[in-house]
Structures are given as C-alpha cells and as structure tokens.
Amino acid sequence: IFVIRSKRPRLLKINILYVFSFFASCLMLPICILFSAATPFLRREQCFISSVLKLPRSGKNTSFPLLEVLSEFNLYLSSVFSLSQVAEQAGLTNQGQVGQLEGHYLLCSVKPASVAGIWSKSVWPGDVLAAHPHVLWYSQERVLSRSKRSMAFNDPNYPKQWHLHNYLNKGMDINVTGVWERNITGQGVTVVVVDDGVEHTHQDIQPNYSAEGSYDLNSNDPDPMPHPDIQSDNHHGTRCAGEIAAVPNNSFCAVGVAYGSKVAGIRVLDGPLTDSLEAIAFNKHYQVNDIYSCSWGPDDDGHTVDGPHPLGKAALQHGVIAGRQGFGSIFVVASGNGGQYNDNCNFDGYANSIYTITIGAVDEKGRMPFYAEECASMLAVTFSSGGSKLRSIVTSDWSMRKGTGCTDGHTGTSAAAPLAAGMVALMLQVRPCLSWRDVQHIITFTATKCDNSADWRVNGAGFHHSHQHGFGLLNAWRLVNAAKVWESVPFLVSYQSSVIKEEVPIPTYPDELIRIWKVSAADLRQSGMETLEHVAVTVTITHPCRGNVEIVLVCPSGMTSVIGARRAIDRDPAGYQDWTFSTVRCWGESAKGQYTLKISDHMLKQSQLTLYGSSMSSSEVQDRQRLLEEAMSGKYLDSSFSLPCPPGLDIPPEIVSPFTSNSLKVSLCPLCLSLAFQSTLITQSLCCCDLPPLSIYLSIYLSIYLSIYLSIYLSIYLSLSLSLSLSLSLSLSLSLSCPHLQFLLLLGCFALFWSLYYTLEVTLAHLDLRSLLCLRRKRGGHRARRGHRGRGVEEAVVEEEDGEEDERDSGVELHTVLLDFETKVPHLNGERLAT
C-alpha cells in the first residue's frame, strides 16, 4: 500500500514480481512434497521395490546376524515357505542372491513404476513382508551417501591452488594430496625463509611459526617481522612462507605444501647485504632449521656475474657439513628470472654451487615461462606463473599495508623454490637422516619429463636432462616414496686437475678453442671416485665484450653442456676472472675418460677441471633406479617400513655473543700489559693484543665461560696494576717525606694504567666498527627473485655500496674464524671437504 501511494512505477513493478513469486512458490510447495514422497518408486525404471531375503540354513529356524548389505528388504524365512511364494505374494520378482552372502536375495518390481501405478496399488509390498509369518526381518534399500577419501579443506582459496590439485590440466600439479592422505605433512621439520622477513602474526603462519629458528639480521634482534616500508613492499618472505606451511582448515586463504612443518624467517634482504652478513644467514640456527629457502640472488639483468663471496661460500660448505646434527643443511635456491634477457643461471654463483638445490619454474601447462632461465646446473623445476592468461600461485600475503592477507599473484622462480623446499620437508619427515646429497640424488632419480618440446637428452647413466627443465618436474609422491627406501650415498669425493696458466688466443665464432683433460683410472684411484655428480670448470678469459663468449663442456659419454651461454646485452670488458661454471648433466656417468672444453672468442688465460662424485659404481646407480621404480607404487607409505637412521652428531650451536673478536682481545690485553710491565719487557706490549690462538679457543666456549674468564682477568689486572703502581710510587717517593704526596703519586700511577686500558679499548673498538661498516669491494646488489608484472619481473633491490676502501682502512683486517670440523669431529658424516 505504501508503494502504491508513493506512485513510484519501478518500486511497484518490483513488488508485483515479489507477490507473483510468493504465490508461485506456494503453488509449487505441494507439488514438491508429492514428488518427494514418490521418489523411491520413480528412481528405477524396472525395479519397483528391491528386497533382500535371508533364508535359514539346513531347514533350521536359526537367526543369522544382520549384515550390512545394500538392499531394500532383508527377509528371513523358514524352510517351510519357499522364496518364490513370498515374492509372488508381495508382487516382486527374485533377482538372485546378493553377491556371496548366503540366503540374501534381491527382489524387484514385476512391472515398471509409474505415478499412476503408485496410487493404484492397493497393497504395499512392505506391508506384505512385514505381516508374513515366515519373514523374520526386512529392510528397505536406500541410496547411501559416500564420498571419496580426497583432501578437502575449508580454506576459501584452496580450490584455486592448481599447483596442489589441477583439475583443468590433469597431471600438471605436484601430486601431493596422496601424500597428505597418509599423514605426511612435514611434521618435525623446520623450513627457514631467508628473505625480507616473515609476518609471523599472520593467521595462516602463526600456528606453524618457529621463533627458535628466526632472526632479524637487519635490525639485529630475534623478530623477523617485515618493516612496513611505504616505498617497498616487503611481502616477499611472507608469501614464500605461506607456500610452505600455511595451516589448513582455518577458513582463511590457502594451504601450504608442508602444512605440518614449522616455518622460520631470517630477515636479511631489507638492508645493506655484506659477505659476512650473508654467511651468518646461511648458518643461523642451523641446528634448529633443516631447510633454507632462498628465493633471491644477483641481479637477473643479463649482464651480471656474481655469487657468494669467500665467507658466503664457506658458510654454505660449513652448513652442509655441520648443519642438522651432521646430516647437512638443505639449501634450496631459485634459478632466476632473467630469461627475457637471455640470462643463464650459471652466471649465478648460488645456482651453480654444488651445495645448493637449484629450482626453475614451469607454468600450469608444464612449459617454460618467458622469465625462466636455461641452465646446465639446474636440478629440477616446479610450478609457478606463466603468461598473462595463465594462473599464478595462491599463497599468504602480508597484511601490514591494509591488505587482505592473501594473494593469487605470487610469480616467478621465487614461487617455485618454496614449493620445492616444502616437498623436501615431506621427504625429511619420513627419513630425517637424508643428507644434502641424498636429497639431490632423489630429485635426480624421481623428477619426470614435463615438456616434450624441450631439448631433452639422455646421458650415459640413463637420466633425462634439459637446459630448460633440469632433470624434470618435481613430484611429491615420487619423492616421498623414494625417500623412505633410500640408502645413504657414499662419501663425497673429488678430483681436481692442475691449474693450466697460459695465454692462448681463442678463435672467433664459429671456430673455437678446444681444451682437453684426460682423467685416467690412476688419477681417480686415490679418491675412489667411480661416478659423477657435479662437474665444474674454473676459467679466466679476457674479452672486451664478455657476452660474445660461449663455453661448452663435453663429458666422456658425449653429453654436452652449455655452461657459458652468450648474452647479447653483456658488454662488460672484464671478461671472466676465475669464475666457476658447473653442470649436472653428466650425473651418474663414469668419471673416467676425456673431458673437452670448447670456447669461442678471444683469450684463455687459465683453466681447471674439478669433478665431484662418489664411489658408487654405474651398476649400483642402475640398481637404485630399479628399486625406486618399484617403490613408486606407494606400498611403503601405508606401512611402518623405513630404513633405519643413524643418530645425529652432537654439534655445538653457533656462537651468539655481543662481543667481537677485538673486544675479546681487549679483555685479554690488561693481563698481557701488566705482565709485560712487571717483567720490564716494554717492547713486547706492542704485540700483546694479538692473541689469536687463545681468543679462538675462548670464542668456542664464550657463551659458557666468558664471565669466569673476564672476572679472573679483571681481578688479576687490578691486583697487578695496583702492585706495580705501588712499587713504582714507592721507588719515586723515597725523596718525598710527605705521606699525602706519596698517596697522590700512587693514585696517579694507578690512574695512568687505567687510562692506557681505556684508550686501548676505545681504539680497538673503533677499528672493529670501521671494519664491520666496510662493505665488500666490487659487490653487486641482491634482488629478491619475485614474480613478473606484465612483461617485466617485479624486483625489490637491496642496494649495496661499491667503491674502494680508504687508505686509512688498509690496515684493518676482518678476521674470520673458520672452525676445522675435521679435527674437532673426525669424519663428520663421512664427508671430508677441503676448506
């Protein structure tokens, strides 16, 4: 009435439609009720009623236990009355026995069901069966609701996570749901994201957050929370962490690939990055963190050649030896996003290191995206974004800048590396003692071909490899099945040729210089190497336009690896200065034979060949391949079978102390100076503060004994300086008869020694501060390997200062203590690596 009086035609039409819909619904209600009641009769065209009859055995009127059978009526009859007579009286026909159940029969309607037939029936068959004296029990069959045992989560964006379960392109996912169904979710494993921070208060991350494995190296505190910078989005680490361990069934965002694992964060990319800072990050909490996920590296601009510097390399090596109770930290790195610039991950020292697992990317159709880089040292690929019409990765996102906490736009190899890290976490749950080399081997054995158009080659050991996809696509089901039966590989052994220093001109392309190394059985006898894993070549090449140089390595089997590709925009005149290229394309082949290096253009000044492998024979490699193929059925996942793991080694954690090496030396200097003065050896005081053996020994036990040592040294210093001051003042005050003057002279001598101590401490502390602020010479910036927007790749640059050090800093040395674990713990994990 109000609408009619308001004279608004539009509102009037809406209300008329509403009234019409209301009356239509009222008319439809009885019709729905009617057909709902008739549904049991209409659902079959031939069977009016389905029944099951249960008859006694041997004529005895004995009751049978009720069995769960699919039936409409279960009947129990005496032997006097036959089954045919019961069916005839009920108007049913016998359809035979139900399966192998003795005495159970299925009865159906004689004629097809119809609406008219339903209401024309004067006798309901169920009433006949219920009233029959020989029917002991009956039940009407119903359609049962059963669902497949598939993983279903209430996270709203889980259906969009095509990389976990791809319904559109069957087989184009990581095949992880079957692993989850067997309760393998990464429990007991900690993955640390080394990045720009992790928003650990995020509701998808907080339940799985590990504070024990986290640290903020940019702010030097234990909290890796990203800084809410307006100019740069520090969401990269949070997105990677969500891919790994986002919790399921919290009605928010998405699910992580290893949602039962713990995730930690090391914030290091939100500030200037130095060689020492990077080394600290690689070994931070390495007895708590099992896997280090690193979705970053040098600039992917097509002309950068960079990687870890001496301390970073030492930290990677130290991590794989001493991390994770001696089984070795697992370092997963992204191959890079410089494909549109013809970049190659062999110019990235993190990606071509033997200590890392290099992961590339494919799109949802299994093809190489435009940003992905080709590389001979790439181990495998997994899913990430593709072109503009293809889907990206759904994961957690930071909410600090009023975001939703969820994104469907995580892209690039930055999204691929965390997925691989999560799958490695699944492997470590079923077999925690897998070493870093075991993980590399299992990936090599289980990766599958994903793009037939790629340049796949089969090496001498039977492994497929392409420069675009490595050994293939990671498959969680195959990885976990293989891990459960995997026997640890023999110790890592290596062979290194002598360094060839020469000035050899290289012909211009297409001609090339050929360098040959012949490795005999006698050369390998000392190390015991049989089969290859990594092959590395270190060269020094001069060229006015570095991008014109192409370097190809041919293994004894004939397997070819492009270890140094041409890059059109790399016009650096520096050439390659002692740069190491590597390849995994010869994995599993015999190490003996001739290695050929082909180089095109300009001047070769130095070259060296290094082989890494094991004593595992070629036949053992083939036996492992057969064993893993048998294990792919998953029969071991459903059982408690698993190869036993040896106990881990008791390795002390990293030293955590605010004292630097110089501050420790300062604490030792008073003892040295006091002894020098008392022994009248004044000249020795110049070297008193250089006590490296004692300081190294103390630094190992610094966290336990530092307070004891400092208190002892301080008391000794006070007593010696007081006695020395007293003796000096007495010798000078013999001519002074006034006791007040003698006391003042004693105070003056005592103050003199304390002034020397204070001056020395301030001077050394200042030098130490300057050495820490001194950035690496000729060190390029690191970029987070993020996804692409449009045709470019989104990057957040961590700027780093370049330039020469001042002359006043030339005397400053940054002493780094590299602990020799071969002497502390002999044969640690059986791996002897030269430092």
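From the backbone N, Cα and C atoms, a Cβ is placed for every residue, glycine too.
For Asp195 (active site, charge relay system), other Cβ atoms within 10 Å of its Cβ number 32. Taken from TrEMBL, the feature active site, charge relay system applies to Asp195 (among others).
The active site, charge relay system annotation in TrEMBL covers His236 (among others). DSSP assigns His236 (active site, charge relay system) to a helix. In the structure as shown, the Cβ atom of His236 (active site, charge relay system) sits within 10 Å of 29 other Cβ atoms.
Among the features that TrEMBL reports, active site, charge relay system is placed at Ser414 (among others).
As annotated by TrEMBL, domain 'P/Homo B' applies to 488-652.
Here TrEMBL flags 203-227 as region 'Disordered'. When DSSP labels each residue, the region 'Disordered' (203-227) comes out as 3 helix, 4 strand, 18 coil, counted as helix, strand and coil in that order.
Residues annotated as transmembrane segment in TrEMBL: 16-38 (among others).
Per TrEMBL, the feature transmembrane segment maps to 694-720 (among others).
Residues annotated as transmembrane segment in TrEMBL: 741-760 (among others).
Panel annotation: around the region 'Disordered' (203-227), residues 190, 192, 196-197, 234-235, 237-238, 241-242, 245-247, 250, 252-254, 256, 259-268, 270-271, 277, 280-281, 284-285, 288-289, 396, 398, 400, 405-406 of the same chain, lying at least six beyond its termini, place a Cβ under 8 Å from a Cβ of the stretch. For the pair Asp195 (active site, charge relay system) and His236 (active site, charge relay system), the Cα-Cα distance reads 7 Å.
In this model, the domain 'P/Homo B' (488-652) carries an average pLDDT of 91.
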